[in-house]
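First up is the structure itself, then whatever we jot down about it.
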Amino acid sequence: MAFTDLLDTLGGVGRFQLISTALLLLPCSLLACHNFLQNFTAAVPPHHCQSPANHSAAAVYGSGAWLKATVPLDPLGLPEPCRRFTRPQWALLSPNASVHGAATEGCKDGWVYDRSVFPSTIVTEWDLVCEARTLRDLAQSVYMAGVLAGAAVFGSIADRLGRKAPLVWSYLQLAVSGAATAYFSSFGTYCFCRFLMGMTFSGIILNSLSLVVEWMPTRGRTVAGILLGYSFTSGQLILAGVAYLIRPWRWLQFAVSVPFLIFFLYSWWLPESSRWLLLHGKTQAALRNLRKVAAMNGREEEGERLTKEVVSSYIQSEFATGRPSNSVLDLFRTPAIRKVTCCLMVVWFSNSLAYYGLAMDLQKFGLSVYLVQVLFGVIDIPAMLVATTTMIYVGRRATVASFLILAGLMVISNMFVPEGKLPASAALGKGCLASSFICVYLFTGELYPTEIRWGPGGSAVLPPVGFGAPSILAGLAVCFLAETRNVPLVETIEAMERRVKERLSRKDAEEKGEEVSLQQLGVSPLKETI
């Protein structure tokens, strides 16, 4: 008999499952706030060059006239954000006047920011614009690197210490590192703390889902997985509201971090996964947790009748051949696992790339970022409702495949929409990607056996492997390309083909020359020796 039969005997989807699922999914909702936080804390307000400090003409002509004379306009008629005239162009103050060929320079004296919407962001605090604009993207990349590192680190800890320990630690780490991010004034420290916060994303999501799935009978798993998606969606809506009310970035960072101290305190009540305990030979602790669950579900009598022998009879068929996993190679150990791993690597990489490409830079749509954040959150609700229905009545495979294909078509169609507009296809694509994301989390947890579900050789490494493997393959592919340093550009396809043939001819000639030299020395060429 399967372990899920034992859960059905102890109340199925009872009070314990409902309470523990709610307590586990509540932090996941605020976790979404951190995932998309830089849409607000790193927003780029309109800006232009600061006037030279030694000029007093601004007081005479007024700030508007002074700006017109010192800062050129871009093609849209707005002040150029990264250049200024080396000398004030007073002729521009005349009606219909224009200046051509005037010398410009960078913003040597800093920038002036429009603080009407965003009083302060990391961009305005550390001037992450113009030449330094890549540092803004670097901060988000560091966070995502933390997500990948956390999947491997907390996945390994989950395999050795259980699901609860890394989850409890992740709550504390996120609360402390999030508050530290709001406190310190160094950009380097900000990035380091964001890396630590990114690590906790994996620790919380993976272990929360694992505890929910492993304590849930089969008939409740689909709904529980989709509830995780709805909690993530609610977090996006919460973020829009909190960010609208709390504009300074440090206070916003602090506001979404402190609640994790509360989650840390109540997480000690959550019981460890009995599946994991039984797999690691901790039968007595598993029996104690099962009796606790039975009591909460109103099945105290059934719980008291449980013994080590009874519990073993339920899990014998599942765990008789199981062994703790300690290697990433376990993902490729058997043909069945190998097939699952290769397919899921492609799914994780594609889903993540498209999802975060849409959701992590809301300013590009030209609307209020608060409004776009709400729209992107609301669109997930009907999409996940459809996903829930299809997963229950059609299946996981068809649901994930359909949503991914539809999302891809929606994203591709965005290329036909002018920049600065929010196309309906982008919102629909984001909803499809969010739904497929949750389906994939649930699908992954169900495809892998307990012994490698979130361990160091299990699906916890799929995000880093999924992102890393294509990079490795891309690096190997580059080795087959020609070097272009100090090489003239080719103009036509024929010229390129001719260059390749010449290169191959030179290579053959060099190899033959080496053969001749070796024969003259009385040494056999290597290929003949072999």
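The backbone N, Cα and C atoms fix where each Cβ goes, glycine too.
The transmembrane segment annotation in TrEMBL covers 16-37, 142-162, 168-188, 195-216, 222-246, 251-269, 336-358, 370-394, 400-417, 424-444, 464-482. The domain 'Major facilitator superfamily (MFS) profile' feature in TrEMBL is assigned to 94-530.
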Given the transmembrane segment (370-394), which of the listed stretches 16-37, 195-216, 222-246, 400-417, 424-444 has the most Cβ pairs that are under 8 Å apart from it?
-> 222-246
On the 0 to 100 scale, where does the mean pLDDT of the domain 'Major facilitator superfamily (MFS) profile' (94-530) fall?
-> 78
Top partner of the transmembrane segment (195-216) among 16-37, 142-162, 336-358 - counted as Cβ pairs under 8 Å = 142-162
Taking the transmembrane segment (222-246) as reference, the highest number of CB pairs under 8 angstroms among 142-162, 168-188, 424-444 goes to 424-444
Mark yes when the transmembrane segment (424-444) and the transmembrane segment (251-269) have three or more Cβ pairs under 8 Å (sequence separation 6 or more) and no when they do not.
-> no
Can you name the far-off residues of the same chain, 6+ from the ends of the transmembrane segment (424-444), with a Cβ under 8 Å from a Cβ of it?
-> 205, 209, 213, 221-222, 225-226, 228-229, 232-233, 344, 347-348, 351, 354-355, 358-359, 365, 375-376, 379-380, 382-384, 386-387, 391, 396-397, 399-400, 403-404, 406-408, 410-411, 413-414, 417, 459, 462
